[in-house]
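> This structure is in structure tokens; I'll ask about it shortly.
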């Protein structure tokens, strides 16, 4: 029963993709949307069925034998446990709501069929990623979601900047993927298998904790996770990825794909526990990304870029949790983050469409009375983002992460986490004030057209808003028994103190933001306009200059070497046969002119030539 | 039978061949091109007959039959092509049918 449900869940999006991709423009916008949304809806129902029929533990589903060579008989198989089901529920549940919202968002856009074909393919690949029982199948899904991300970032391909952004995302994540591929090679070479359960069983037997091989394998896998999850230093693609349609940003670049790195590390937890140094590195990278992105989010003017940096910052929290060994807390935050970040992105999408594709905070403002649904979405989602105590989902998951960091005696990470919570309050309040309050900055913001469709506009926002409150934290089943013991499970001392601290940090952030942006606005603007303040603003606005650095260190030398190689001498010699062939071709093409009379002429000329030659040849002619 | 010298027969054959060849190369109408081809084939057949008579060999006569058969086959194919040409282009001009643009 469960096997059937699981297979159906990823078969529906695949069939949807195939229908859309092979319709070749024969489906109208409505039909495309119906197929696209319907397939993910059915996948969500199948997932629900799978959750209901799952009997606990890890259940395998073998699809078929891949090849059969002697003893080597790799199967294409799925493994379904609690973690998989949680991920599937997020992918298909949140995915369905986002698809539904996209039906409203994408109305009137060109290429709806292409949009839904990519979106369905994405859902399929992502499900494959979380379902695969071996790393190879996971890698297939991993590459599949990267491809779909590329196709959807570059959705508005007529603007070349979007193509550039898609290209950048593809190349940067590919760098991570190379590391992951190398990691897989190493694991296969050392352990002789890519089956996840076998790896987790065999690795502790063969590898000493902290040995070089274990460290290297974990490090390479981490490289892949960093690229996909947009963590320092492979994070530069994520803000640019906002060039895609907003539902894409919500689904791929906030709720699901970017959390694939978190899933990967949580799935391979046994491997990482063998490499304590790499674990620490995971936590440090998470903390660094968390802080860098939070500061960068403070200085953005584009609402989607603020959300992009906040996504990066929140994934930083998840990495921090993974780093201290609190895998369950990381997945918990992944789930709540998927709810509230999807809500924030969809609300931003509602604002953007209502204001005719205006997404600059300077040109928005004063919208709260005119766009009440989007405003409500922002308030609830923003509250969950800053982890407003007790009533929001974000509070419970973020509190869990900070508590685990404290229990693991990682005071440095804990302080960064608390500081991040304050900064989150700052940029969230700035985002909401800049978008919904104050004076409208343009005519588009003065006369917005609010979304009215109850089914495709209100429903996804309301459902996600409900899930962003403490209800979202309640429905998370808790996966503690799947993972090795987290540090916070053994002790309970200081938990209350930590909760007070976390609440304090969130409220301090909000209070500070309120004081700064409401009372001291003028003062703040003055600081940002001149001297050191202006320089800091520029630095944060460009996210600490990583783009410029990579451009100098990597992109330009590369382009230079490519320019040099254009005049490659050896290449010219290699091209010689081609040039000769082309010259002959040109001559022969001229001979084939299609005039029978000239053919006859040439024939006579040739025959005469042969006769003369025979006549003149020595010993011939007689 | 020796009334006509072999040279005369061969000269007649080569004159006919040259006329046919000239017609083949100069005429644009497919009808005349086909007729020119017939003339060339028949001149070659004539040369065979003349040679066979001069040397009293039956091979030349056999070759003549072969050439005549060939000419009949060629004419039927050629005429079929000509009808197609006319139906497609409403003209017998061969240059009209030149659509190749290498």
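Glycine residues also receive a Cβ, built from the backbone N, Cα and C atoms like all the rest.
Dumping what TrEMBL says about this protein:
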DOMAIN    A:66-116  domain 'NADH-Ubiquinone oxidoreductase (complex I) chain 5 N-terminal'
DOMAIN    A:133-424  domain 'NADH:quinone oxidoreductase/Mrp antiporter transmembrane'
TRANSMEM  A:31-51  transmembrane segment
TRANSMEM  A:115-131  transmembrane segment
TRANSMEM  A:169-189  transmembrane segment
TRANSMEM  A:209-227  transmembrane segment
TRANSMEM  A:248-266  transmembrane segment
TRANSMEM  A:278-299  transmembrane segment
TRANSMEM  A:306-324  transmembrane segment
TRANSMEM  A:330-353  transmembrane segment
TRANSMEM  A:373-392  transmembrane segment
TRANSMEM  A:412-433  transmembrane segment
TRANSMEM  A:454-476  transmembrane segment
TRANSMEM  A:496-518  transmembrane segment
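I'd like these features described in context: how deep, what's nearby, how far apart.
Within the chain carrying the transmembrane segment (A:115-131), a Cβ under 8 angstroms from the stretch's Cβ atoms is held by residues 6, 9-10, 13-14, 16-17, 20-21, 32-33, 35-37, 39-40, 43, 78-80, 83-84, 87-88, 91-92, 95, 99, 102, 106, 109, 137-138, 140-145, 147-149, 151-152, 155, 245, 247-248, 251-252, 256-257, 260, 263, all 6 or more beyond its ends.
Residues of the same chain lying 6 or more positions beyond the ends of the transmembrane segment (A:169-189) and with a Cβ under 8 Å from any Cβ of it are 135-136, 139, 142-143, 146, 149-150, 153, 199, 213, 216-217, 219-228, 234, 236-238, 240-241, 264, 271.
Within the chain, the transmembrane segment (A:278-299) has long-range Cβ neighbours (under 8 A, six or more residues past its boundaries) at 215, 218-219, 222, 226, 230-232, 235, 239, 265, 272, 305-306, 309-310, 312-325, 405, 410, 412-413, 416-417, 419-420, 423-424, 426-427, 430, 537, 540-541, 543-544.
Within its own chain, the transmembrane segment (A:412-433) has Cβ neighbours under 8 Å at 283-284, 286-287, 290-291, 294-295, 297-298, 303, 306-307, 309-310, 313, 316-317, 320, 323-324, 361, 378-379, 382, 385-387, 398, 401-402, 405-406, 501-502, 505-510, 512-514, 516-518, counting only residues six or more beyond its boundaries.
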> Output the single range from A:209-227, A:306-324, A:373-392, A:496-518 maximising the number of Cβ pairs under 8 Å to the transmembrane segment (A:454-476).
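Between the candidates A:209-227, A:306-324, A:373-392, A:496-518, the best contact partner of the transmembrane segment (A:454-476) is A:373-392.
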> Looking only at residues six or more beyond either end of the transmembrane segment (A:248-266), which have a C-beta under 8 A from one in the stretch?
83, 87, 90-91, 94-95, 98-99, 101, 119, 122, 126, 129-130, 138, 142, 145, 148-149, 152-153, 155, 180, 221-222, 224-231, 238, 241-242, 272, 282, 304, 307-308, 311, 315, 318-319, 322, 327, 330-331, 334, 337-338, 341-342, 344-346, 349, 483
> DSSP says what for the domain 'NADH-Ubiquinone oxidoreductase (complex I) chain 5 N-terminal' (A:66-116): how many helix, strand, coil residues?
29 helix, 8 strand, 14 coil
